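A.B. asks: This is the structure I have questions about; it appears just below.
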Amino acid sequence: MRSPQSLRNGETPSPSPRPPRFPTPHFHSTVSLQKLKRFNLLILVFRLSTFCFSLASSVFMLTNPTWYHFDAFRYVFAANAIVAIYSLFEMAASVWEISRGNTLFPEILQVWFDFGHDQVFAYLLLSADSAATALAKTLKGGDTCAASNAFCVQSYIAIALGFAGFLFLGLSSLLSGFRVVCFLINGSRFYV
């Protein structure tokens, strides 16, 4: 066996390989990877449903004649439009996570961002739709709905779609809360 050549003229040995800049992912079995993919797809489906219902509610309220004369209906439009935009962003973040295997933001920030915003926007939708329901009930008792039945029906549809958006955002919030708990217990958003 040949001996290694000694260093000549004060050369220094080559540096040892550097550790990776990003931490290596945890080992997961094939079954756990499938569970994670299903979990992330379920979140994506809930976010897509929230987006569809909130966008539809905003469109129904926007096309409703004279909706802007009532504060509660303006609140429904604004809340559903905000939630639709937020859901669109969260869908993009979910697709990123499914395709790339990591989060858009650092993991701790992403977990708390999702949970906190899901909570805030769910309560925003619930309060807007509750206020609009009270106004719609008042208008039904008055002569507004007798004069323009289409206005009231379209308002009812927009409010119902807003409540459906709240339902799916609430389910997303439950899954986000589960991820927060997993992060607090395991130090990772994964539950396996």
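Every residue, even glycine, has its Cβ placed from backbone N, Cα and C.
The annotation compositional bias 'Polar residues' is assigned in Swiss-Prot to 1-11. The compositional bias 'Pro residues' annotation in Swiss-Prot covers 14-23. The region 'Disordered' annotation in Swiss-Prot covers 1-23. What Swiss-Prot records for 1-40, 97-107, 178-192 is topological domain 'Cytoplasmic', and it gives sequence analysis as the kind of evidence. According to Swiss-Prot, the topological domain 'Extracellular' annotation covers 62-75, 129-156, on the basis of sequence analysis. As annotated by Swiss-Prot, transmembrane segment applies to 41-61, 76-96, 108-128, 157-177, with the evidence given as sequence analysis.
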A.B. asks: With the transmembrane segment (41-61) as the reference, which stretch in 76-96, 108-128, 157-177 has the largest tally of C-beta pairs below 8 Å?
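C.D. replies: The stretch with the most contacts is 157-177.
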A.B. asks: Under 8 Å between C-beta atoms and at least six residues away from its ends: which parts of the chain pack against the topological domain 'Cytoplasmic' (97-107)?
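C.D. replies: Those are 25, 37, 40-41, 44, 113, 183, 188-189, in sequence order.
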A.B. asks: Report, as numbers and ranges, which residues of the same chain sit near the topological domain 'Extracellular' (129-156): CB under 8 Å and 6 or more residues beyond its ends.
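C.D. replies: Contacts of the topological domain 'Extracellular' (129-156) (Cβ under 8 Å, skipping residues fewer than 6 from its ends): 60-61, 63-67, 70, 72-73, 75-76, 79, 162-163, 166.
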A.B. asks: The topological domain 'Extracellular' (62-75): which same-chain residues, six or more beyond its ends, come within Cβ distance under 8 Å?
C.D. replies: 127-128, 131-132, 134-135, 148, 150-151, 154-155, 158
A.B. asks: Sequence-remote contacts (6 or more beyond its ends) of the topological domain 'Cytoplasmic' (178-192), Cβ cut-off under 8 Å?
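C.D. replies: 26, 28, 32, 35-36, 39, 103, 107-108, 110-112, 114-115.
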